[in-house]
Ligand SMILES: Nc1nc2c(ncn2[C@@H]2O[C@H](COP(=O)(O)OP(=O)(O)OP(=O)(O)O)[C@@H](O)[C@H]2O)c(=O)[nH]1
Ligand SMILES: [Mg+2]
């Protein structure tokens, strides 16, 4: 009888221990999965933030920024772009994310505000008219001014108007823009382009490919 009582107590203790273990396991399980509304909002913001990349498009007036955006947009129209007085915007959908391209006009009065837009940018696309030798020094100075404001931002420099006979080659542009003097650890690329070509041109595809690569390396 005495022995039976001991066995009963031992069984009850074992059941209690088992119950406590199950309770703790369930608790742990739900702690991992039940989000507060604040947690949920934070995750959503993070998710959205991850999927949208702002590409800031800058460069001197007439460099071809709007023409590049027109091409990226898949426009086959041969209509010439008019100078951008304020800003210009297009959205490009890719399987991994959306790229929001924001062009700010390149006239002298607007250049003063360029720096203000760097804060929200994930990538800087700097367009240069490769045939405008006279203003290349100015294009270089403006580029280096931007580089000194944000030391981390990845930069893609587009040597545009490569269809023109007097266009500078990539190595000439590299030297004229003093890209060798950029010593920070940022990602910096120089691509050539002609934004009067076909929208599915190889150089445009290279640009899109590079943007997607930069985005996937970022995650
Ligand atoms: N030959 C040639 N002309 C181009 C090319 N890209 C643009 N253009 C011409 O250059 C001129 C200026 O182009 P835009 O795209 O308006 O230049 P932008 O950089 O947007 O200029 P802003 O808006 O004033 O800052 C237009 O007449 C375009 O047709 C190119 O690759 N080759
Ligand atoms: Mg423009």
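Just so you know, glycine gets a Cβ as well, placed from its N, Cα and C.
Taken from TrEMBL as is:
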- 6-30: transmembrane segment (TRANSMEM)
- 59, 60, 61, 62, 63, 64, 65, 66, 106, 160, 161, 162, 163: GTP binding site (BINDING)
- 66, 84: Mg(2+) binding site (BINDING)
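Feature map: annotations from TrEMBL on the structure.
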residue	record	DSSP (3 states)
59	GTP binding site	coil
65	GTP binding site	helix
84	Mg(2+) binding site	coil
106	GTP binding site	coil
161	GTP binding site	coil
Sparsest-packed among the binding-site residues, when each Cβ's other Cβ atoms within 10 Å are tallied, from 65, 161: 161
Neighbouring C-beta atoms (10 Å sphere around the C-beta of residue 106 (GTP binding site)): 24
Residues satisfying Cβ distance under 8 Å from residue 84 (Mg(2+) binding site), sequence separation of at least 6: 65, 66, 103, 104, 105, 106
Proximal but sequence-remote residues of the same chain as residue 63 (GTP binding site) (Cβ under 8 Å, at least 6 apart): 106, 127, 128, 129, 132, 139, 160
